[in-house]
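A.B. asks: I'd like to ask some things about the structure below.
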């Protein structure tokens, strides 16, 4: 409620503008190709943003309605006002909250912490703190897309498998709340010894990801990855989470359905409706300003309203108070004791649980999870670029992104989250709903997560979000992720029986094989952590079949895919603006020819007279041929 009140207070003080600009002065143009598909083309940033709704003096364009539905309010390189960044950053934090908090809560069973709520809150604070740090590293020095970093479910399966081994099985007395003394040295040793082996295994396994990323092996591997590999990988990311969404929503379908309906109504039906707010300015004195609040804050509004409904149902005892009855998890007072016991300030630090130890079995399991996470992240990069209005990521950006994720896993192991870090798919779905793809919003999200990780009381407030509310949000987000994966098939010829077979077989085996392994865990003696991951199985078969079954490049979509991916030897100014290194590092490296041999450095550009930031003639030449079917992104600012 505090975040909603802050949002409304700040929004009332601003005006909004929706301005149609000429092709020579926009930051980004959304080009409609002849087949109706979106193609993102960038232009020079030579405009200022204004804050007033325009009047359509020339009448309505018959294509404006279709064009508006695909426009972005802010693309990846835009910088919204600071207060809008904070509001949207909180929204992304809430979007990632459910998936992030679920990891330490699930790990608490394997760590024998079921009856130690205070330590669980410390784990939650630690994973938020590390996720914020890794997010800032990824957005600043990694792939540089508006992509959030957080705990990964790909490592959850191998870690739980490690903790289920006989030497790490929890003692029977830790399962009885009356026998557990959370401050006793014996109990502390029990859970910290298990955390330490997880830390060491994760740190060693993350070194493999660092090597693969910064050595360029993942970039080399990407030469053989096309749409028929990316499509099942991204789609299965969303499908793999259907069980989590259904379980969370199933604790009270009425509350979860309310959350889903609110988000859908706000983001789809009401996004073009401007709400008048009273405001004051020296020029116009008191007047009303129309704000597109539903387009910017659909998730935050949906969660807040559902949260308020649950609070009212709790204080009036409409929801059952018996933990065994249906609907109990929709109450907002279940975790009230955590808020009272959590400290106001606690700074997580490396080695806070002791010196990490290494287990060979743990490292092998973590490696399987790391491989799955890398394949998932490559798909996430492409989905994020598409939904944020960025050109597809070049190889050097993918190399840095995977390398930074490896460093993030290394930091997570050192801090003791019991997990690693990866790109968060649900926040990519939020980009497609809110139409705000600015990476500065994700930077604010990183700072918000760091602050929430240091201030225990503030972070504990959000633990009262009922589980059905989180489940209702997942139903929307994961559906968007799955659809983003299917959209990659636009580059291929889906009239081809070859492509239909590859995609269908990859999707079906990606669902069938992990499901059988989960239901028959003792049928295979070797470690099956990787095979349990849907996106790994589907992506593997898509990659194998697409590269072995004969087919033309046009049929496979390779020609269209390569056109969408800019060659590193022909980088453009616009690609450098998105994926180049910050703080002038890109300019310094551009004069060094040896950097072309470094896999994670942008290739030096060859300066051309007609391709400079100030060359509007070159820009006009690029956009002239598409002038008739180009839809200009409207500049929107608060």
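Keep in mind that glycine also has a Cβ here, set from the backbone N, Cα and C atoms.
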A.B. asks: If you look at how TrEMBL annotates this chain, which of 410-427, 500-517, 554-571 comes out as transmembrane segment?
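C.D. replies: Going through 410-427, 500-517, 554-571 one by one, TrEMBL gives transmembrane segment for 500-517.
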A.B. asks: Kindly point out the range from 353-371, 372-390, 391-409, 581-599 that TrEMBL annotates with transmembrane segment.
C.D. replies: 353-371
A.B. asks: Which of these ranges is annotated transmembrane segment in TrEMBL: 253-270, 271-288, 325-342, 613-630?
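C.D. replies: Within the set 253-270, 271-288, 325-342, 613-630, TrEMBL attaches transmembrane segment to 253-270.
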A.B. asks: Looking at the ranges 22-42, 43-63, 127-147, which is given as transmembrane segment in TrEMBL?
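C.D. replies: Within the set 22-42, 43-63, 127-147, TrEMBL attaches transmembrane segment to 127-147.
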A.B. asks: Under TrEMBL, the annotation transmembrane segment belongs to which of these stretches: 161-186, 291-316?
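C.D. replies: Among 161-186, 291-316, the range TrEMBL annotates as transmembrane segment is 291-316.
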A.B. asks: In TrEMBL, which of the ranges 224-247, 440-463 has the transmembrane segment annotation?
C.D. replies: 440-463
A.B. asks: Report, as numbers and ranges, every residue of the chain located at least six residues beyond the transmembrane segment (440-463) whose Cβ falls under 8 Å of a Cβ in that stretch; write 'none' if there are none.
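C.D. replies: That would be 74, 78-80, 84-86, 88-90, 92-94, 96-97, 101, 121-122, 124-133, 135-136, 139-140, 146-148, 335, 338-339, 342-348, 427.
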A.B. asks: So if I exclude everything within five residues of the ends of the transmembrane segment (291-316), which remaining residues of that chain have a CB under 8 angstroms from its CBs? That is, six or more out.
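C.D. replies: Tertiary neighbours of the transmembrane segment (291-316) are 1, 3-4, 7, 11, 14, 16, 73, 84, 87-88, 90-91, 94-95, 255, 258-260, 262-263, 266-267, 270-277, 330-333, 430, 433-436, 465-466, 468-469, 472-473, 476, 636, 638.
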A.B. asks: Which residues, given as numbers and ranges, are at least 6 beyond the ends of the transmembrane segment (127-147) yet have a Cβ under 8 Å from it?
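C.D. replies: For the transmembrane segment (127-147), the far contacts come to 76, 96, 100, 103-104, 348, 380-381, 384-385, 388, 390, 393, 397-398, 400-401, 403-405, 407-408, 411-412, 415, 417-419, 421, 423-424, 427-428, 431, 437-439, 441-443, 445-454, 459, 578-582.
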A.B. asks: Which stretch from 202-221, 253-270, 500-517 shares the most C-beta pairs under 8 Å with the transmembrane segment (469-488)?
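C.D. replies: Maximum Cβ contact count belongs to 253-270.
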A.B. asks: In the same chain, which residue numbers or ranges, 6 or more beyond the ends of the transmembrane segment (253-270), come under 8 angstroms Cβ to Cβ?
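C.D. replies: For the transmembrane segment (253-270), the far contacts come to 294-295, 297-299, 301-303, 305-306, 309-310, 330, 433-434, 466, 468-469, 471-473, 475-476.
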